[in-house]
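K.L.:
Please find one structure pasted underneath; my questions will follow.
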Amino acid sequence: MVAISTAMMIKGKQMSMDDAIMAAASNGSRSKMFEIMQDEDTVMVEMDMLYKMDTYMGMRKEMDAMENQTTTQGRRKKRKATTTGARWTNQRVPYDMNNVFSSSDRQVIMSAIADYHQYTCLRFVPASSADRNRIRFVNGGGCSSYVGMIGGVQPVTLAPGCRYKGIVIHEIGHAIGFQHEQTRPDRDGFVYINTQNIQQGVAYNFMRYPASQVSSYGVPYDYTSVMHYSQYAFSANGQPTILARDSRFQNAMGNRDGFSFKDIQLANVIYGCAAANGCAARTCPQGFQGPDCRCWCDSGNRANPVKICDGTVATVAPVASTPRPTSRTTRAPLNCQDSNQYCSEWADFGYCTDSRYLTFMSTNCRFSCGTCATTTVATTTPTVTGCTDNNQYCATWAENGECSRNPSYMSVNCQKSCDTCNNPTPGTWSTSNTVLCNHLHALL
């Protein structure tokens with residue numbers, strides 16, 4: 001397996017998130033990063049966030065009013081929070097990517113997606129022709145993404161200097177609806193913006209979003225968020241533009257290579273992962289209810305930010321969004337059981353053989369992983385001719401493991417790349433096999 005680079009380095013020094021995004025831009029694009037208006041329909045703010053013009057102008061009107069409000073008017077009353085970007089339907093994010101990305105680039109992108117799969121109920125699936133709304137990973141002059149689902153094909157731009165796991169997680173974060181942490185409505189309680197050090201003409205990048213447009217969803221401010229810029233963002237003189245009111249975190253801002261615990265919490269809360277997975281609501285005073293229905297807490301370990309709240313640091317089991325039916329030609333004996341309702345989906349994602357989940361899956365998903373003594377059900381293999389792929393990205397997706405992660409799509413549309421041309425489909429099973437499958441299903 002090829003190692004995935006997460007560190008963002010330049011001349012031997014690790015860069016902050018905003019430094020890396022700035023360095024990735026071409027000279028022409030870098031100057032345009034400081035212009036709000038990118039074209040007649042799109043604006044860019046804070047180096048990498050794209051909005052449709054009408055959306056941004058609506059927000060900007062409220063932002064200007066909030067900035068102009070004097071302290072004598074008292075504290076601004078919070079209204080019910082809405083969001084600037086639509087959420088992806090059913091926690092499902094279809095994607096495709098341009099063919100400009102090398103094999104190693106694609107591995108970086110898929111590694112970032114794997115973290116979303118591990119820690120949230122969001123599912124990034126190869127887009128089919130039926131998916132009108134999708135993200136598309138493209139090359140460009142910098143790193144950028146629209147905020148939230150805007151409808152249609154929306155680009156996530158990754159110039160060569162953006163192809164690090166942390167940056168890809170950051171840009172996907174925008175695509176699912178994340179804004180930058182330092183522009184939250186409540187940020188003034190946690191950071192001080194030193195305007196005298198900001199480059200001329202770009203102070204608008206530090207405007208707070210109104211609570212009517214952006215919500216924290218009850219997740220506390222996070223200096224270590226993958227969405228937080230560093231203390232030197234947009235600095236004119238090399239001096240800090242962002243000062244942490246808690247000085248312990250002054251050097252932590254912007255120095256993230258991946259998710260913080262609170263990033264994971266926010267994604268789960270926004271998309272209602274526990275409820276979406278059918279979990280009975282429970283209170284988790286020190287954390288939040290994870291998509292596996294257990295209480296998740298901060299492990300304090302940046303490499304694996306989550307622990308189960310019984311005090312035991314544990315590898316988090318993969319999580320599922322919506323169970324889907326599966327068909328298998330090999331089944332375990334009738335006394336072999338899965339202990340989790342999502343085992344079959346996890347098995348379809350390849351987690352039975354994934355080293356990160358092997359211990360959990362072999363213990364809790366024996367039926368779906370086939371780790372009990374197995375009984376083979378005979379099937380008739382049809383002769384298939386004209387084995388082809390129906391999508392130009394099939395070979396890329398297969399190379400990145402999508403044949404096992406998304407078999408329901410890949411086995412039908414990417415038969416050549418997944419080598420499933422001679423595999424039976426559900427419609428080829430005999431009546432006796434179908435009866436046996438129904439009997440097994442009833443026992444689960």
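Backbone N, Cα and C atoms are what each Cβ position is placed from, and that goes for glycine too.
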K.L.:
For CYS421, what is the disulfide-bonded cysteine listed in TrEMBL, choosing from CYS369, CYS372, CYS387?
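P.N.:
Of the candidates CYS369, CYS372, CYS387, the one TrEMBL pairs with CYS421 is CYS387.
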K.L.:
HIS170, HIS174 bind Zn(2+) in TrEMBL, but which of HIS117, HIS180 does that record place at the same site?
P.N.:
HIS180
K.L.:
Based on Cα distances to GLU171 (active site), point out the closest of the recorded positions HIS180, CYS387, CYS421.
P.N.:
HIS180
K.L.:
Which residue among the binding-site residues HIS170, HIS174, HIS180 has the fewest other Cβ atoms within 10 Å of its Cβ, if you could check?
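P.N.:
Taking HIS170, HIS174, HIS180 as the binding-site residues, the minimal 10 Å Cβ count falls on HIS174.
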K.L.:
Determine, for the Zn(2+) site, the additional residues of the same chain whose CB lies within 8 Å of the mean position of the CB atoms of HIS170, HIS174, HIS180; present them in sequence order.
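P.N.:
So the additional residues around the site are GLU46, ASP48, MET49, SER145, GLU171, GLY173, PHE178, GLN179, VAL226, MET227.
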K.L.:
Averaged over the domain 'Peptidase M12A' (81-274), what pLDDT does the prediction give?
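P.N.:
Across the residues of the domain 'Peptidase M12A' (81-274) the model's pLDDT averages 92 on the 0 to 100 scale.
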K.L.:
Under DSSP, the domain 'ShKT' (387-421) has how many residues in helix, strand and coil?
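P.N.:
Secondary-structure breakdown of the domain 'ShKT' (387-421): 21 helix, 2 strand, 12 coil.
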K.L.:
Can you give me the Cα-Cα distance between HIS180 (Zn(2+) binding site) and CYS421 (disulfide bond) in Å, rounded to a whole number?
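P.N.:
CYS421 (disulfide bond) has its Cα 46 Å from the Cα of HIS180 (Zn(2+) binding site).
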K.L.:
At a 10 Å cut-off from the C-beta of CYS421 (disulfide bond), count the other C-beta atoms across all protein chains.
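P.N.:
Result for CYS421 (disulfide bond): 15 neighbouring Cβ atoms inside 10 Å.
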